[in-house]
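Here is the structure we will look at, set down as structure tokens.
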Amino acid sequence: MLSGWFVVLLSVAYGGLLFAVARFGDARADAGRSIIGANVYALSLAVYCTSWTFFGSVGRATSGGLSFLTIYLGPTLMLLCVGVIVKMIRIAKAQRITSIADFIAARYGKSQLLAGLVTVIAVVGIVPYIALQLKAVAASLDVLFDRSGHAIQLWGVDSTLLVAAVLALFTILFGTRHLDATERHEGMVAAVAFESVVKLLAFVAVGVFVTWGIYDGFADLFRRAAAQPELLRLMQPDPSRAGAWAAMILLSALAIVFLPRQFQVMVVENVDESHLKRAVWLFPLYLLLINIFVLPVALGGLMHFAGQGANPDTFVLTLPLSQGAQALALLVFIGGLSAATGMVIVETIALSTMVCNDLAMPALLRSTWLQRQKRGDLSRLLIGIRRLAIVFILLLGYAYFKAAGEAYALVGIGLISFAAVAQFAPALFGGMYWKQGTRAGALAGLLAGFAVWLYTLLLPSFAKSGWIDSGFVEVGPFAIDWLRAQALFGLDGLDEISHCLWWSLLANLGAYLAVSLATVPDALEASQAERFVDVFRHAQRAPDVRLWRGNASLQELVELLERFLGPARTRQQLAAHARSRGRSDWRELAPDAEFVHFAEAELAAAIGSASARAMVSSVTREEDLGLEEVLDILDEASQVRAYSRELEAKQRALEAATGELRAANAQLRELDRMKDDFISTVTHELRTPLTSIRALSEMLHDDPRLELGERRRFLGIIVGEAERLTRLINQILDLARLESGRAEWTAVAVDVGAVVREAMAALEPLFREKGVRLSGEIAAGLPSVLADRDRLTQVVVNLLSNAVKFVPGGSGEVRVGVACSDGAVRVSVADNGPGLTADECVSVFEKFRQGGNTLTDKPQGTGLGLPISRQIVDYFGGKLWVESAPGAGATFIFTVPLREPDA
Amino acid sequence: MKRGSPTRQRLTALGLLGIPLLSYPLVGLPGGTLADLPAIFLYLFGVWGGLIALAALVAERRGK
């Protein structure tokens with residue numbers, strides 16, 4: 001007999017240790033250094049091994065021999081189909097799936113109805129399984145204290161209720177720790193992995209103790225057992241159970257994926273897909289190790305307690321106790337406690353998420369109370385609901401345990417749950433690989449399978465507990481023989497689980513396929529089908545934004561997010577989303593299809609995809625795309641067409657850019673050629689005066705006998721040419737400055753009339769010298785223009801000196817006119833010289849183009865005056881041109897625009 | 001069309017191979033005992049362990 005207080009203390013200490021592990025896991029997750037590695041992930045999958053494994057496997061082996069192994073062979077084979085699981089994880093991550101109900105609902109058009117149905121099936125199917133865990137803990141306490149009837153009390157409270165309460169507390173603390181409901185539960189996963197190690201060690205310890213402690217190794221144990229015919233039977237294959245064997249492998253292969261807790265740890269809590277590579281062999285190895293000693297312990301127990309009627313479900317405890325190995329018994333007790341608590345914690349978290357998102361939320365969203373709470377922060381309410389759901393589920397489990405009590409052996413209850421969740425298989429696998437599967441088909445299949453399960457498995461188990469009349473099992477309802485619950489249509493000779501599995505899967509699969517083929521999916525279903533089935537193809541691209549059209553408001557969507565995620569997390573996610581789209585501030589984002597998609601995904605992670613869809617469509621005005629259009633968008637050929645259209649557009653843009661580049665290049669070449677021409681012209685122009693200076697200087701230098709008069713004449717020419725050279729260089733520099741835009745300008749109000757008068761006065765001697773008459777006609781009261789006065793003077797002087805050069809001496813005449821017309825001041829300089837041809841009217845403005853015949857006449861100017869003048873007038877916004885005809889003189893005209901009034 | 005990863009394909013092949021190996025009628029073959037141990041016990045754990053070892057070999061192979 002063990003001291004009650006010691007056991008309590010030990011349990012509390014173990015709970016504390018678990019608490020510390022979970023706390024550590026959460027702290028590391030918060031610090032961004034996750035402890036969830038490949039090994040922890042693989043061990044967390046071992047939450048599959050519940051107290052049903054820990055205690056029940058031995059019990060099962062005592063009646064069915066090695067058939068208990070099927071429960072672990074199925075998962076091994078399933079896990080090897082790693083592609084299926086990777087696809088599931090990929091879909092769950094892309095769709096922000098939070099539970100298996102969410103997964104199925106999201107696939108079939110985010111249907112709240114389907115999510116609710118899956119949740120109901122899961123809760124109804126799993127509650128007995130939770131009850132089983134409580135029962136196992138209670139039973140192990142009974143054995144430790146050598147009592148019976150689960151009557152152990154602490155402080156006057158039923159110990160099982162206490163266990164349930166502690167489990168609820170632990171689950172609430174680590175399952176709903178975050179106010180935002182979207183985080184992974186890393187602390188919980190760490191604790192579960194730790195518990196997996198504990199239960200394995202405990203079971204192997206008792207196995208070693210029995211095999212080598214009580215007996216003398218495997219060979220001795222098996223040899224002794226073989227001596228007894230009823231035990232020898234357990235050590236031989238039993239071909240009459242071939243059907244049940246296959247059914248169990250199938251059932252457990254489905255359970256490893258579809259049990260809500262397995263889906264939780266395998267898919268939802270998966271941190272990194274690559275962890276699966278370890279899990280694919282480490283988890284089966286774990287299963288193998290925990291099962292190696294099951295048959296030896298079962299046989300050992302049967303031989304040891306022969307004829308005493310001991311409960312085989314508790315052999316792992318009673319065998320050590322019978323040998324006085326109390327420490328080992330305590331270790332086994334802790335191992336069993338680990339197995340039970342691990343299962344209850346994860347299962348309750350998974351179920352509470354489903355109950356909250358898929359039962360409570362839809363009801364709340366419809367309620368008037370929530371409508372009034374338009375602005376309130378609902379994230380706390382969400383957590384509250386989840387905590388309530390945890391307590392509710394555990395209470396349900398406790399109630400079932402109290403009611404069903406001893407009615408069933410451990411093993412029966414577990415398989416009932418397995419058969420319930422197996423109903424998810426057609427809808428889920430069909431949804432992952434078959435685009436034609438529809439919501440109506442999934443609903444029909446689930447309902448049909450669930451109904452058959454209820455009728456052939458759950459209700460008969462109630463009947464066996466004596467809650468309802470067992471007539472429908474024994475003789476059929478209304479004595480209709482072929483409707484007997486566990487021999488439907490006369491199918492007997494099977495065990496009840498296989499019987500239920502085959503009939504329910506037939507009904508389920510049949511309804512799913514038939515109704516799916518007979519119905520047409522709506523647009524959302526079709527697009528979700530595409531995203532699920534072709535997840536690997538879609539994952540490489542951003543979500544197809546063409547699948548959403550409508551109007552949304554950024555503010556409304558953000559408010560919606562704040563209500564369900566809380567303000568802090570909303571800001572955080574918005575900032576991350578803005579960054580991913582290359583914006584520094586989320587307020588700059590447009591409420592476009594991509595943003596709506598982001599908002600819906602964030603919401604889905606908190607309240608499930610079905611409720612998220614409903615909430616988002618309540619604040620946006622969406623256009624119904626229609627099935628045809630959606631199918632067209634999703635159609636691979638149409639996607640290829642869309643890409644090729646994009647490609648074509650890009651190619652056209654590229655061609656346009658190439659054309660522009662080619663034009664720019666041609667322009668550059670032309671400019672380059674002009675520059676070369678300019679330089680050669682400049683060189684030529686500079687060389688002409690230089691040549692004459694040099695020639696005359698040489699003559700002066702070489703001929704000392706030159707007459708003084710001649711010398712004077714030569715020197716005069718040299719000075720004149722030098723002056724011309726200087727002027728030429730100054731003008732080239734001036735032009736270069738003007739053309740490059742580096743010239744300095746002043747802008748003041750200038751009276752053009754005054755400028756012209758000054759220039760005429762300055763050049764008066766030149767005109768008089770050549771005997772040319774200069775007259776001016778300057779209008780009075782001209783408005784001033786905005787210009788650089790010196791530059792303007794330069795232009796007028798240039799035109800006047802040009803005119804005086806080309807008019808004949810004596811009879812020459814130059815008339816200057818200044819007037820105002822068309823918003824501009826117009827200055828004209830008219831001469832009676834030889835005039836210009838139409839070609840010359842253009843070419844005189846080119847650089848170095850001299851007037852007159854440059855071959856015969858000595859050049860009189862630099863050929864830069866007019867180009868410079870034109871640049872200056874252009875700068876003022878005016879125009880400079882010449883009107884002339886050969887023999888009729890030439891009139892140079894320029895305009896300077898008036899200032900805009902008050903501009 | 002992209003081919004699935006070779007690791008996944010090999011693992012799936014192991015899984016498919018396991019189905020007949022771990023079901024009746026093959027499981028019905030090993031009767032009697034082998035060195036005092038039940039042959040079915042050795043067979044089941046042997047095949048199971050073999051599958052696990054091969055899976056470990058495939059999954060943990062470097063580079064892929």
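Placement of Cβ uses the backbone N, Cα and C atoms for every residue, glycine included.
What TrEMBL lists as coiled coil is A:640-674. TrEMBL lists A:681-900 with the feature domain 'Histidine kinase'. Annotated transmembrane segment per TrEMBL: A:6-24, A:36-55, A:67-86, A:113-132, A:152-176, A:188-215, A:242-259, A:280-307, A:327-360, A:381-401, A:407-429, A:441-463, in sequence order.
In this chain, the transmembrane segment (A:327-360) does not touch the transmembrane segment (A:280-307); fewer than three CB pairs sit within less than 8 A of each other, excluding pairs fewer than 6 residues apart. Tertiary proximity for the transmembrane segment (A:188-215) is limited to same-chain residues at least six positions away from its ends with a CB under 8 Å from its CB atoms, namely 18-19, 21-22, 24-25, 35-36, 39-41, 43-44, 46-47, 49, 54, 174-175, 221, 224, 265, 269, 286, 289-290, 292-294, 296-297, 300-301, 304, 316, 319-320, 323, 325, 328, 331-332, 334-336, 338-339, 341-342, 345-346, 349. Among the listed stretches A:6-24, A:36-55, A:441-463, the one sharing the most Cβ pairs under 8 Å with the transmembrane segment (A:327-360) is A:36-55. Remark: the transmembrane segment (A:36-55) makes no contact with the transmembrane segment (A:381-401), by the rule of 3 or more CB pairs under 8 A. Under 8 Å from some Cβ of the transmembrane segment (A:113-132) lie the Cβ atoms of residues 50-52, 100-102, 104-105, 259-260, 343-344, 347-348, 351, 354-355, 357-359, 362, 393-394, 396-398, 400-401, 404, 410, 413-414, 416-417, 419-421, 423-424, 439, 442-443, 446-447, 450, 453, 458, 461, 608, 610, all in the same chain and six or more residues away from its ends. On the 0 to 100 pLDDT scale, the domain 'Histidine kinase' (A:681-900) averages 83 in this prediction.
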